[in-house]
2 protein chains.
Amino acid sequence: MSARLLTGLPVAKKLRADTARNIKELAGTGVVPKLAVVLATDNESTAWYVRSIVRQAAEAAVHCDVVDLGADAGQWQLQEALEALALDHTVHGIILQTPLPAGVDAAVLAALIPVHKDIDGANPESLGRLAAGLPAYAATTAQAAVEVLEHYQVPLAGEHVTVIGRSMVVGKPLAQLLLARDATVTTCHSRTRDLASHTKASSVVVVAAGRAGLLTGADLNEDSVVVDVGTNVDEAGRLIGDVHADSVLPVAKALSPVPGGVGTVTTSLLMLRTSQAALESLVASAQPA
Amino acid sequence: MSARLLTGLPVAKKLRADTARNIKELAGTGVVPKLAVVLATDNESTAWYVRSIVRQAAEAAVHCDVVDLGADAGQWQLQEALEALALDHTVHGIILQTPLPAGVDAAVLAALIPVHKDIDGANPESLGRLAAGLPAYAATTAQAAVEVLEHYQVPLAGEHVTVIGRSMVVGKPLAQLLLARDATVTTCHSRTRDLASHTKASSVVVVAAGRAGLLTGADLNEDSVVVDVGTNVDEAGRLIGDVHADSVLPVAKALSPVPGGVGTVTTSLLMLRTSQAALESLVASAQPA
């Protein structure tokens, strides 16, 4: 027996179709959805990721400005750039790309992104609003994991879901998204004792710990649905996840793999959200103040 | 065998001593800690609670203004009152007392309380900041539960803690406080299947579901530490928790009871936070802008 693969491509395609529908709706309104990516690193894998955003924006007919401040940018430069983008009403979505230069306070910067433009879910206020059930964008990777689960109709309501990882970019927002879908959620992390006791008892396991090979077949049962959100690089320079695929595939019921899973969905989700934010800006400007 | 009772009074006394120390530190600075309670209900138990806040504020030498807008107050009246208090630099802490009149948008109102004055942790932004590890006040009852656990030196790091309830006033902020203390956290709720499978496997169970008698001895093991955060009223009009005390007391290792547990701590915590916010306002005003 081998796990069914929950690949990201069909999910991304659906999101792209949703984006195209939004863009069509915007035609003739004079509003062109625009995304701004603030960058302050010469990290090569970040450059690669930003290029893929630019490429997909072009395909989606979303304008994309890359505001590259260079790897030497300081707090004030970043702050000024974000404040200008916050005020610029032609910009609908803002991404503050990590990593940021050493010594910069990322949380202070993220808090400068207005919630309605925070399409990457970086502002802590977005997470608080998400928890409160108010309109807000969840951190993109967390949402992408849920999009994959929902696309493949994996039941969540009433199910026990274990999330491995408690970061602001995956674990914490994901727990809120799952609770909102009536899952019982266990959050595990590096200090968790007996990880397997939690994962074995769950019907869904999402692993976002950043540790290659962390989750093995011995941690699962034959009904386990596993979503791998890890992004690690092996000795050969290849992208690998947190799942030990060789042992997990024969045991689990389904696996969203790395590469080809959640990561494939995130860029499409950013475009969809930018087009949504553009539509909402239209609605907001049509309403009396 | 009978569970040890983790009562709130010793915890409240410690918090009051901490408050007194802050008040002493403020003496001669010209800053008097001031708390504002915004009220818009004629609910009798709320009136009782607000009177206990006023009484404890007087004892703590914290100024307390009750802004009673009446049970007919509308959104705009509440909004105006909160905006004025947000701007008033003599006010250090703001409590928006529930219940609010029907038709009022509580989340919009809570978001008007500046994070540094949000001593009751009502603003969703406070929860987001808490999750991000930024300075913020957790919802008071959630923090009170943790204060009780820490006072009695109940281990949390690496322990499995089950939280029953996913509200913004207890369950959700509590999960963040516990994760920050390195606990593995499971959040259960009304849609959870087989609650006992989670509670029996935990070393600490905090129940905040608002259902009298929900947690029984059969849901626990002999090492269970239970914190009851439920506030229900029985047929005789007495305050009772979510724990079925008769069956839990012979089984569990320890129980923080209702009444006499967490509820005893909350008002003291509000005073401590108001005095802290007053001290921090002093530090903030001494710094260059």
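Every residue gets a Cβ built from N, Cα and C, even glycine.
Listed features, source TrEMBL:
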BINDING   A:GLY165, A:ARG166, A:SER167, A:THR231  NADP(+) binding site
DOMAIN    A:6-120  domain 'Tetrahydrofolate dehydrogenase/cyclohydrolase catalytic'
DOMAIN    A:140-279  domain 'Tetrahydrofolate dehydrogenase/cyclohydrolase NAD(P)-binding'
Filtering the binding-site residues A:GLY165, A:ARG166, A:SER167, A:THR231 for a C-beta under 8 angstroms from chain B leaves A:ARG166
So what's the average pLDDT for the domain 'Tetrahydrofolate dehydrogenase/cyclohydrolase NAD(P)-binding' (A:140-279)?
97
Can you check what DSSP calls A:SER167 (NADP(+) binding site), collapsed to helix, strand or coil?
coil
Mapped onto three states, the DSSP assignment of A:THR231 (NADP(+) binding site) reads coil
What does the DSSP secondary structure composition of the domain 'Tetrahydrofolate dehydrogenase/cyclohydrolase NAD(P)-binding' (A:140-279) look like, as residue counts for helix, strand and coil?
51 helix, 27 strand, 62 coil
Counting other Cβ atoms within 10 Å of each Cβ, which of the binding-site residues A:ARG166, A:THR231 scores lowest?
A:THR231
Can you tell me how spread out the NADP(+) site is, meaning the largest CA to CA distance among A:GLY165, A:ARG166, A:SER167, A:THR231, in Å?
15
Among the binding-site residues A:GLY165, A:SER167, which residue has the largest number of other Cβ atoms within 10 Å of its own Cβ?
A:GLY165
If you run through the domain 'Tetrahydrofolate dehydrogenase/cyclohydrolase catalytic' (A:6-120) with DSSP, how many residues end up as helix, strand and coil?
56 helix, 16 strand, 43 coil
